[in-house]
Amino acid sequence: MQGSNQTKVTEFIIVGFPNTQKINRFLFFLLLLVYLFTIVGNLLVFTIIRTNSRLHTPMYFFVSVLSFLEVWYTATTIPKMLSNLLSERKGISFTGCLLQTYFFHSLGATECYLLTAMAYDRYLAICDPLRYPTLMDTKVCVRLATGCWICGFMCPISEVILVSKLPFCGPNRIEHIFCDFPPLLSLACTDTSINVLVDFAVNAFIILVTFLFIMISYIKIIQSILMIRTTEGRKKAFSTCASHLIVVFLFFGSIIFMYVRLKTSYSLDYDRAFAVIYAVLTPLVNPIIYSLRNKEILKAIRRRIRLKSSVRSPAH
């Protein structure tokens, strides 16, 4: 009888940042600018690497895959966030919410695996340089990248299936900036302790295991770098890892706080703030970090600009 009196929720309202109605237009243009810069920056890095034969090395191959990933990663959340800033209702269907959550977590898990593969690549390059060309050839790189994507898209399936079976019959306001598992679970009309446990187990495994592998790789890398006799050699070896380390700490630092916890109640403001870091800022700074800190990519960009300028100049 109780189930028959309950109304099934078919649409959710994404609250976003509350009490920002007066500056929504400003936030829209700011977020749009960030989104455009993210897309253009990552596509630029991807294109420069793929079209420049000098950059056809394992390290740059993984950087190009990461840039390609970031384009889709931001596309799962930011366009909807932009439309919500100008919309009064801010609604999303139940199916649309589940799809957004699935793709966001799939691409996020793929990034975790990809950053681990990049750490493994740097480990082989610095700790085993003589065998590096044979251990990390083109086929191995493609297989590693493909494995990252396949594993990433398989990881959230169990969580999405469990959430899809939950009854939603009460409030439909998602207190977050996009659809995600924690705010969705808080709206279910039943006990979600199993869902919280599964969510924690899956996220803890993906995030902590990959982060542990990355840290072990860098411990061994640092040990090898310290054994290099010349200061110039040590600087050159560490410079190939610095950009990757910055991205790792920025990305993992925010998602560990957000997802590796066994809490059904959480600080909404903190969650929104950290969501901005890993969903908006990290994809934005990735092309900046990898281009500004990398001389080879900067040289390739300058060569491309000079080439275009020389092609256009005779027409004038």
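Just so it is clear, glycine is given a Cβ too, placed from its N, Cα and C backbone atoms.
Given the structure is predicted, the values throughout are model-derived calculations rather than measurements.
Database features, via TrEMBL:
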DOMAIN    41-290  domain 'G-protein coupled receptors family 1 profile'
TRANSMEM  26-49  transmembrane segment
TRANSMEM  61-82  transmembrane segment
TRANSMEM  102-120  transmembrane segment
TRANSMEM  140-163  transmembrane segment
TRANSMEM  200-219  transmembrane segment
TRANSMEM  240-260  transmembrane segment
TRANSMEM  272-292  transmembrane segment
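Contact between the transmembrane segment (61-82) and the transmembrane segment (272-292) is present: at least three CB pairs lie under 8 Å, with pairs separated by 6 or more positions in sequence.
Within the same chain, the transmembrane segment (102-120) stays apart from the transmembrane segment (26-49): fewer than three Cβ pairs sit under 8 Å, each pair at least 6 residues apart. With a cut-off of 8 Å between Cβ atoms, the residues of this chain six or more beyond the transmembrane segment (26-49) that come close are 17, 20, 55-56, 60-61, 63-64, 67-68, 70-71, 74, 78-79, 81-82, 85-86, 280, 283-284, 286-288, 290-291, 297, 300-301, 304.
Within its own chain, the transmembrane segment (140-163) is flanked in space by residues 58, 61-62, 65, 98, 101-102, 105-114, 116-117, 120-121, 181, 184-185, 194-195, 198-199, 202, 206, which lie at least six positions past its ends and keep a Cβ under 8 Å from the stretch.
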